[in-house]
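For reference, the structure discussed in these notes is given below.
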Amino acid sequence: MSQFILAIDQGTTSSRAILFNHEGQIHGVAQQEYPQIFPEPGWVEHDANAIWNSQLAVARQVLKENKLSATDIAAIGITNQRETTVIWDRKTGQPIANAIVWQDRRTAAYCDQLRAEGKADLFQQKTGLVLDSYFSGTKVKWLLDHIPDARARAERGELAFGTIDSWLVYKLSGAHLTDSSNASRTLLFNIHTLQWDEELLAIFDIPASLLPAVVASSGIASHTHTELFGAPIAIAGIAGDQQAATFGQACHKPGMAKNTYGTGCFMLLNTGTHAISSHNNLLTTIGWTLGIGKAAQTNYMLEGGVFMGGAIVQWLRDGLGIIQRSADVEALATSVPDNGGVVFVPAFSGLGAPYWDSYARGTILGMTRGSNKAHIARAALESIAYQSVDLLDAMQKDAQSSSQELRVDGGASRNDLLMQFQADILNVPVIRPVVTETTALGAAYLAGLAVSFWQSAEEITAQWKMDKRFEPAMSADEREQRLHTWHRAVERAQAWES
């Protein structure tokens with residue numbers, strides 16, 4: 001009997017493979033970093049072959065290190081950095097260019113043009129998304145417009161487009177498909193009809209033949225090529241990283257929310273089978289689709305994402321050089337009692353939700369001769385929490401409800417100073433689970449449900465366990481004053497490049 005689910009977790013800076021047992025516990029991990037490519041200011045790319053090679057290597061490595069074979073694996077679940085765009089040749093399987101990463105801003109001016117033409121409402125109504133260069137649609141158009149002969153080849157059906165999940169499924173199995181959660185991040189998918197939208201494709205001049213088939217997030221979608229692992233393994237779960245994390249956090253009921261502190265920060269609120277249209281610059285997105293045919297049920301989410309979360313700490317390490325390791329930031333920040341009046345707005349790539357300002361830029365305010373690197377480190381950590389306050393406030397307005405708790409995960413959730421400040425500034429309890437690898441766990445759960453490795457969402461919920469609960473301890477007056485100062489600082493950072 002197969003004892004494990006293999007989760008493939010393809011992230012912005014690394015590829016990982018994680019084995020989970022029946023109890024939802026980690027049995028083995030393998031990870032390999034790969035480089036980002038920055039050809040021009042505001043451009044961010046990946047070598048799609050480097051992604052595939054690293055992902056295959058870690059999948060094989062985790063099996064080898066744990067003395068397992070393909071027959072020990074019940075299924076594979078895939079979770080991935082979303083929106084990142086790959087176009088490849090259907091015959092050769094080779095990309096026609098580097099992948100354009102979700103962080104890439106090269107199509108910002110084109111998005112401005114579409115907004116000026118009055119197209120923003122149409123896109124929001126159909127896709128639930130704001131018209132921003134963050135999403136895949138404008139990246140696909142850019143590649144078709146700028147890579148020689150790409151559009152003609154696409155129209156002849158020679159090329160395939162996919163987000164990273166599609167690319168991995170294609171390399172693993174030869175199938176060209178995606179799931180509803182990833183499709184909902186493209187600006188091309190109607191989240192109400194659950195179909196690629198012809199009107200939106202026409203605006204971008206994207207041939208429908210380029211697009212993958214859309215399948216459920218939980219269900220046997222394909223099987224791996226025999227030669228990769230020695231025997232075929234079912235690919236039975238697919239979800240974008242943030243949707244997978246929400247599922248892994250057992251936020252299965254409407255009103256439950258989670259925040260993932262990764263490269264960026266992403267907060268999702270489950271709204272059940274009802275797609276709530278945001279009036280506060282949030283995204284309405286598909287969380288997951290379970291079941292097939294008439295039994296299929298799609299869950300929707302409100303989402304807010306900020307571009308700079310843990311990446312701020314990386315900048316403190318690599319850009320400023322004030323820490324040697326990312327883990328050192330907590331000790332440095334706690335070496336001072338407060339931020340000394342320093343406020344940090346980390347708008348290095350603009351501001352995400354709820355501002356959506358591509359032209360904002362990073363700002364450090366309140367510096368005096370008494371300011372030092374510890375104050376900057378503390379202000380940097382606090383900026384992650386402040387951005388998350390803006391997200392939850394907007395969500396509660398849209399959902400017309402108050403959250404009773406916020407479940408957290410991702411690398412920075414291990415930082416107790418940040419988590420306590422997050423609870424204080426939100427005035428909501430923050431709960432960290434025992435397993436913080438919830439993105440990979442969510443992909444594993446989706447795959448496991450499809451092959452009856454787990455029987456139900458209720459069984460998964462019963463496995464979720466709390467590690468630590470952070471209760472708010474800040475006075476209302478202090479909270480109000482701090483938030484007022486934060487919003488003043490955001491105003492200074494906005495529209496800097498316009």
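From the backbone N, Cα and C atoms, a Cβ is placed for every residue, glycine too.
According to Swiss-Prot, the ADP binding site annotation covers Thr12, Arg16, Thr263, Gly310, Gly411, Asn415, on the basis of sequence analysis. Neighbours of Gly411 (ADP binding site), defined as other CB atoms within 10 A of its CB across all chains, total 17.
Around Thr12 (ADP binding site), a 10 Å sphere centred on its CB holds 21 further CB atoms from the protein chains shown. According to Swiss-Prot, the feature ATP binding site maps to Thr12, Thr13, Ser14, Thr263, Gly310, Gln314, Gly411.
Per Swiss-Prot, sn-glycerol 3-phosphate binding site is recorded for Thr12, Arg82, Glu83, Tyr134, Asp241, and the stated evidence type is sequence analysis. DSSP classifies Glu83 (sn-glycerol 3-phosphate binding site) as coil under the three-state reduction. Long-range neighbours of Glu83 (sn-glycerol 3-phosphate binding site) (same chain, six or more residues apart, CB within less than 8 Å of its CB): Trp102, Tyr134, Phe135, Ser136, Lys139, Thr163, Arg185, Thr186.
The glycerol binding site annotation in Swiss-Prot covers Arg82, Glu83, Tyr134, Asp241, Gln242. Taking Cβ-Cβ distances under 8 Å and a sequence separation of 6 or more, the neighbours of Arg82 (sn-glycerol 3-phosphate binding site) in its chain are Trp102, Thr163, Ile164, Asn182, Arg185, Gly240, Asp241, Gln242.
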Give the residue from the binding-site residues Gln242, Asn415 that has the most other Cβ atoms within 10 Å of its Cβ, counting over every protein chain displayed.
-> Gln242
What binding-site residues in the list Thr263, Gly411, Asn415 lie within 10 angstroms of Thr13 (ATP binding site), counting C-alpha atoms?
-> Thr263
Could you round the CA separation between Thr12 (ADP binding site) and Gln314 (ATP binding site) to a whole angstrom and send it over?
-> 13
If the glycerol site is taken as the center of the Cβ atoms of Arg82, Glu83, Tyr134, Asp241, Gln242, which further residues of that chain fall within 8 Å of it by their Cβ?
-> Gln81, Thr84, Trp102, Arg185, Gly240, Phe266, Gly305
Around the Cβ of Tyr134 (sn-glycerol 3-phosphate binding site), other Cβ atoms within 10 Å, all chains included, total 29
Per 10 Å Cβ neighbour count, which of the binding-site residues Thr13, Thr263 ranks highest?
-> Thr263
